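A.B. asks: One structure, pasted below without further comment.
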Amino acid sequence: MSEERVIRINKVLRELNISLERAVDYLKDKGIAIDANPNAKISDSEFNILQSQFAGDKGNKEASKEVGEEKRKEKEALRVEREKEIEDKRRQEEERQKQQEIIKARAVVSGPVQVGKIDLNPKKPAAVSPEEPVKAEEPKTVTPTQTEKPVQKETVQSEPVAPVVSEEKKVEKPIITEKKEVKAESSKTAQEPIISTDPTTAEETITTQYQKLSGTTLTGQTIDLSQFNKPKKKKEDPKITPNKPGTPGVGNNNNANKNKRKRIAPKPGTPGAPKPATGNAPGTPNPNKITPNSGGGFNANRNARPGFVKGNRPAIVAKVEPTEEEVKNQIRETLEKLQGKGGKSKAAKYRRDKRETHRQKSDDEQRALDEGSKTIKVTEFVTVGEIAIMMDVPITKVIGTCMSLGIMVTMNQRLDAETLTIVADEFGYDVEFITVDIEEAIEVVEDREEDLVTRAPIVTVMGHVDHGKTSLLDYIRKENVIAGESGGITQHIGAYGVTLDNGQKIAFLDTPGHEAFTAMRARGAQVTDIAIIVIAADDDIMPQTKEAISHAQAAGVPIIFAINKVDKPNANPDKIKERLAGMNLLVEDWGGKIQSHDISAKTGLGVKELLEKVLLEAEILDLKSNPNKAAQGTVVEAYLDKGKGYVSTILVQHGTLKIGDYMLAGKHHGKVKAMHDERGHTVLTAGPSTPVSVLGLDGAATAGDKFNVFEDEKEAKQIASKRSQLMREQSVRTQRHITLDEIGRRIALGQFKELNVILKGDVDGSVEALSDSFSKLSTEEVQINIIHKGVGAITETDVNLASASDAIIIGFNVRPAGNARQLADKEEIDIRYYSIIYAAIDDLKDAMEGMLAPEMKEEVLGTAEIREIFKISKVGSIAGCMVTDGKILRTSKIRVIRDGVVVHTGELVALKRFKDDVKEVTKGYDCGIQIKGFNDIEISDVIEAYHEVAIKKKLK
């Protein structure tokens, strides 16, 4: 069994790391022929041959994978290592910040009000030494009055000092008795280092400045507190010690130096900030005390930055962040103050509230206007061109957006509500559908399960032009439709009902394959259950084939591929399947899920099997509908018949349509007067999945419109009237007027032309296709304006409109009615008639090219060399020349060339041979030439004769 095993060649290629060409060529050299197809299969023996030959490639691939894996691991290891280093740095930084924050917290807590006041008193007498803040604590119990006097002399602080001293006495007692409490309170610990330094240094400083302060020795008992804060001293000691080495008895007391720098601490107190080192919160003594010492204190503080400045910074940063509630309260109070609430009269309050209400109303109106500018009001099924005009964006961008969403559209193709919303949202617009109330007025009755019966499938035949769509339907219907079609191509949707030999029914829609009928193909895909894509086996996957496939996929319709013309000698169905596989469309023969069948529409080969596959697909879909209700469906096509009036081809999808029903389709309404099938036979009723032609509507409904049947004629007329009004409003909104930018562009272009066209056709789909194709022909230099299009014969109104707007009239399968022809002859209006869309497009393109200004091209006719110069009075200089090349014409323009440089460009006055005027002189003959307005000629100058030729410009 292992020998029988087969392997797909694409799997082998991946495993051996070789290309398809190498594998095929090598096996071919070995005498083994296989298809150059990645989905082909090979046996184990063939695989072994390839493996033995290309084992090295496989090894190289594995080696490259290993190298790549090693590099990846190295990069990953480096990345992890870098992340680890960054994380370590971050943690170290966080720990350092936490330590600083702890110190700051102590400094903040260390700001009891009592200690701050104590520091201020001694500092004022001693302007130089930082021991003074300690002295403030010492005079607590000794002499409050003595400290006041020196303070008053230096700065006016006597008043705050007295209460400070009394407070300090209170502080001393708990500090001395309970050292544990001091430890618990970080504020006291921050203060006590300063106090411990002060006792000895204070005595010396006081002795120098004021003898009265000598009594401060009593506060030496606070040395115990300073021992508490030795860790803080350790940080500051190294830098403070060198500053004041000469203080006796203060060897340990680096705090003295510390205090020296500490003088900067008052500086933050000056603006009212708390003093971190001393912890003095009261603001009055601090600012006064700082004034004399500000200069020295700043320098000292800068030198001791690592020590004391850090102590100062916490004091500033230590401000407690206000809570959210406090912030809200503060904002409210500020607003109340600004608005003056509470202090004004009721009348003022009333006026203020009135102004506020008016301002709020104005803001709301402005906001509504701004939002409204981004909201577009549309009816459902607006064309791509109309939505582009409403949003003021180029049509190409809208089409590009639709294509990016997987929707193939053209400029005149109408979009449904969902697509409109998505496209508008891409450009930042909101869509408001103004027909919602109308749609809601049409009641939709939900069907019960027991009322549903199986219905025939609706099948759309799509594909490229001339690939055999209509021929396939001909064979199925046993009727030659192609013979009656212009140019052998379908130019509108044909709807046919077919009953097979086994009694089963299928409704077929035949869509055009020409590129102009994109919208008609899309419409066919929207109303269908199954799509048959016809592809010629002797051709390729053409653009319209791809377009039809995309339409079917967008509509979510099952696809069946019919590969036609397999009876031709150059047919290659496998090539078509290969191309489909390249588009990610695998047919069943190639292991996919999409059905396909090889047929010949001409001989009928495979058509029966194709229909069986259609019925199988329909059985899987389980198509059901309720025939016992008011009919609903879609308008497939509409046209004006000379004898019958407006005829609409419709496809009933739900319910049953009967003669006498009142029908509404788009903005048109009317009673069903007669119904016919595709062969012209009268039909009394039309059930689900039945295509019929209906007489009775008051106009040509737009293809793709939904139709509904109403019991109340009045209700249908009201809805039709409302729809007409909305469509008129929309046509006004989408009417594009010329802008200043466009005028400027046309002036800059210089030769801008416009071609106005009035388009009339026999069916709505053909008019739509022609309009779309004509609009695509517009260029920057020539623009086509379709000022009116419609279904029906050319009328006098059309001729008058063409006369007023200087337009041409194009009739597609229609002729002038009544006196329209005579009026057109009188007004000299050009009317063109066409029955093939190709011819209409080509003629219009030629007309546009004729409107373009021709390009002028110079052609050199000949050259003549001046051999002699004759000067004649009252005439000027005559050049005696010999024609050296070509010929010189009397009417040609000339250039005088001297030493390869053009010195004059002009015209001839006279061309003579001997004494006779001649029209031309050919090569080898001499002649006399007089140049208009130029006598500065010299011997050996060359006269070059040329003329300008107008070349017809082509459309870009």
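Even glycines carry a Cβ here, placed using N, Cα and C.
The following feature annotations were taken from Swiss-Prot:
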type	residues	note
REGION	53-102	region 'Disordered'
REGION	116-315	region 'Disordered'
REGION	334-371	region 'Disordered'
COMPBIAS	343-352	compositional bias 'Basic residues'
DOMAIN	454-622	domain 'tr-type G'
REGION	463-470	region 'G1'
BINDING	463-470, 510-514, 564-567	GTP binding site
REGION	488-492	region 'G2'
REGION	510-513	region 'G3'
REGION	564-567	region 'G4'
A.B. asks: Fewest other C-beta atoms within 10 angstroms of its own C-beta: which of the binding-site residues Asp466, Lys469, Val566 fits that?
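C.D. replies: Candidates: the binding-site residues Asp466, Lys469, Val566. Fewest Cβ atoms within 10 Å: Asp466.
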A.B. asks: For a three-state summary based on DSSP, what are the helix, strand and coil counts in the region 'Disordered' (53-102)?
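C.D. replies: So the region 'Disordered' (53-102) is made up of 49 helix, 0 strand, 1 coil.
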A.B. asks: For the region 'G1' (463-470), DSSP counts of helix, strand and coil?
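C.D. replies: Within the region 'G1' (463-470) the tally stands at 2 helix, 1 strand, 5 coil.
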A.B. asks: With every protein chain in view, what's the tally of Cβ atoms within 10 Å of the Cβ of Gly463 (GTP binding site), excluding that atom itself?
C.D. replies: 27
A.B. asks: What are the DSSP helix/strand/coil residue counts across the region 'G4' (564-567)?
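C.D. replies: Across the region 'G4' (564-567), DSSP assigns the residues as follows: 0 helix, 1 strand, 3 coil.
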